[in-house]
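Have a look at the structure below before the remarks.
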Amino acid sequence: MSFALESESRPFQVDLHGVVDLLSRHIYSGPQVYLRELLQNGRDAISSRRELAGSGTPGQMRIFPVTADNPVFRLDDDGVGLNADEMGQLLATVGRSSKRDIFDLPREDRLGQFGIGLLSCFMVADEIEVLSRKEGESAVRWLGSASGTFSVTVLDGVDLPVGTSVRLRPRGDDAEMCSPKKVTELATKYGQYLPVPILIANDSGGFDTINRAPVFALTGEARVEQRDEILEFGTQLLGAKPLDVIELGGPATGTRGTAYILPYAPPPSTRAANAVYLGGMLVDERNQDLLPEWAFFVRAVVDSSGLKPTASRESLVADEALEVTREELGAALRAWILRVGISAPHKLAEFVQIHQLGLKSLVAYDDELASFLTRWLNVETTAGRMSIADLVARQKHIRYTESLEEFRQIAAIVPAEEPVVNGGYVYDGEIIRRLPFLFEGVTLEKVELASLLDSLAVPALAERAAVLVFEQRASAVLESFDVKVTVRSFAPSEVSALYLADDAVLRGMQRSAARRVASSLWNDVLAKAEKSLGAAAELKGQLNKATLCANWDNPLIQTLTQSNDEAVFSRTIKLLYVQAMLAAHLPLGVAQRRLLSESLGDLVHLSLNH
Ligand SMILES: Nc1ncnc2c1ncn2[C@@H]1O[C@H](COP(=O)(O)OP(=O)(O)OP(=O)(O)O)[C@@H](O)[C@H]1O
């Protein structure tokens, strides 16, 4: 029986050629990562050596890019080095890494962990040559080929310094990837904040260094001392001076960094773009998961020792550690809002002003954010713009309109001590409707045009006859504009007339204006549309003419009732009509503009003739 043989466990076979293809096309985003992987191995090897020989042990990486005189790219490190056995085991076994601890968990002080990084070099070269020497051992040479074979040679008698040298002869197409310019660009992008000097050979026989101090990750006193540098870093990052700088700390994952408040509103379509470094090595320049989704108003840069990279090292693993860190960093941003709101309200007002629309869009639908941010937002009221905190402090019963038109039409007659809020702007309506849930004791009342008109006082009985005559005379003047004149008594008495039209009426008026100028084909369509809409509105008993509501308490209206001069009466009514429309911020049509200039002209003539 052959069962015993079949059940014998055997190792997977790996086709290296297939693995290289998988790496280059599916795991890594492109050949440029070869340099990142080499820098990372060099940095880890130097850390290992420091662990053995003491943390003060010097160590650096030297890179020799491909030039006209040098066809071989080379990266040397002063790390721990490898002996022949380790080369066979570590370099040539896909998935084997020395950077895991006894529990097979990635070690916090090492960047690598997957045991595949070196293979990324096959994306630029067909052969990888590694020369290495461990302290007290012979130098060795490992030669790996993209076809899946390797050789190890002990170089007895060859005097190499302790450390490792990786050499690549890039394929024709990939030579550019190893050129001085590209190498400098990539090494800077990925490794400028590594705690190990990186030197790049220049054409005058010396080296340039690319290292920078990660000032964004400073903490404690050093952070206070280098405040200006941290701000300058943000200014370079944003291309403008940040509105403020917030220290970020995620103790759970050893994450430290800085969030810069954008001094401009980011375009609505832009998504968060925060830079994440792990142990000083860039992982993701445009990370979207590090901060809560609502933190659109900052750009953050952090360095972490505990967050986990995906195998491509181009994003973070979406695990619990990331979630906890996101909460911790979000808490720092929230604390900033609360702190600045108290210590520097002007700064917070500026922040809200810049990011108003974005903040409102979040607050309208996000309970968590609404709970601490709503109070700082502004709304328009008939008593001017004010913060929601001020609004709820001055009145618990909040009256608001649902549309901008309604707000403007009633604005003139709302008493200053009981302001009405404009809920017509985008998101404001939603936010206002949430106020009773966010602030204790707050109640809401929606103000509507129709009910407002009903609530205005009808003049005293003794005056009714005069009122009726006035209404009829004035309505006759405005008949051709589809406007009916009604008289009421209301404060303030300086307001002579209010123009009141609800949305349906306004739309109807625009359509009839359009019909006057439109072609006959469209006349039919518009007429039908108006008819069916009109029928529906009439059914609801809602279709009123637009109304000019004259104020019986206004001296001008009183004088006008005395006037028997029809010419003066009609010109003045027309002017009151246009003035009321302007006060309601309604656009004047051609007819109203003509009426305005004709009436003014006529009145001037009349006064001259008198
Ligand atoms: N420059 C070097 N000096 C010393 N040892 C090295 C060097 N480069 C690679 N190694 C050894 O070879 C192993 C495999 O390296 P490789 O780059 O393939 O993976 P890794 O760094 O362990 O993990 P990752 O895939 O996450 O980069 C490493 O774990 C390390 O032990």
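The backbone N, Cα and C atoms fix where each Cβ goes, glycine too.
Note that the coordinates shown come from a computational prediction; the quantities given were computed from them, not determined experimentally.
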Out of THR93, THR149, THR153, THR164, TrEMBL lists as part of the ATP site with GLU37, ASN41, ASP77 the residue THR164
Same-chain neighbours of the ATP site, Cβ within 8 Å of the mean position of the Cβ atoms of GLU37, ASN41, ASP77, THR164 and not counting those residues, run in sequence order as LEU38, LEU39, GLN40, GLY42, ARG43, ASP44, ALA45, MET61, LEU75, GLY79, LEU118, VAL166
According to DSSP, ASN41 (ATP binding site) sits in helix
DSSP output for THR164 (ATP binding site) maps to strand
The answer, for which of the binding-site residues GLU37, ASP77 has its Cβ ringed by the most other Cβ atoms inside 10 Å, is ASP77
One residue among the binding-site residues ASN41, THR164 has the fewest other C-beta atoms within 10 A of its C-beta, namely ASN41
Between the two most distant Cα atoms of the ATP-binding residues GLU37, ASN41, ASP77, THR164, the distance in Å is 14
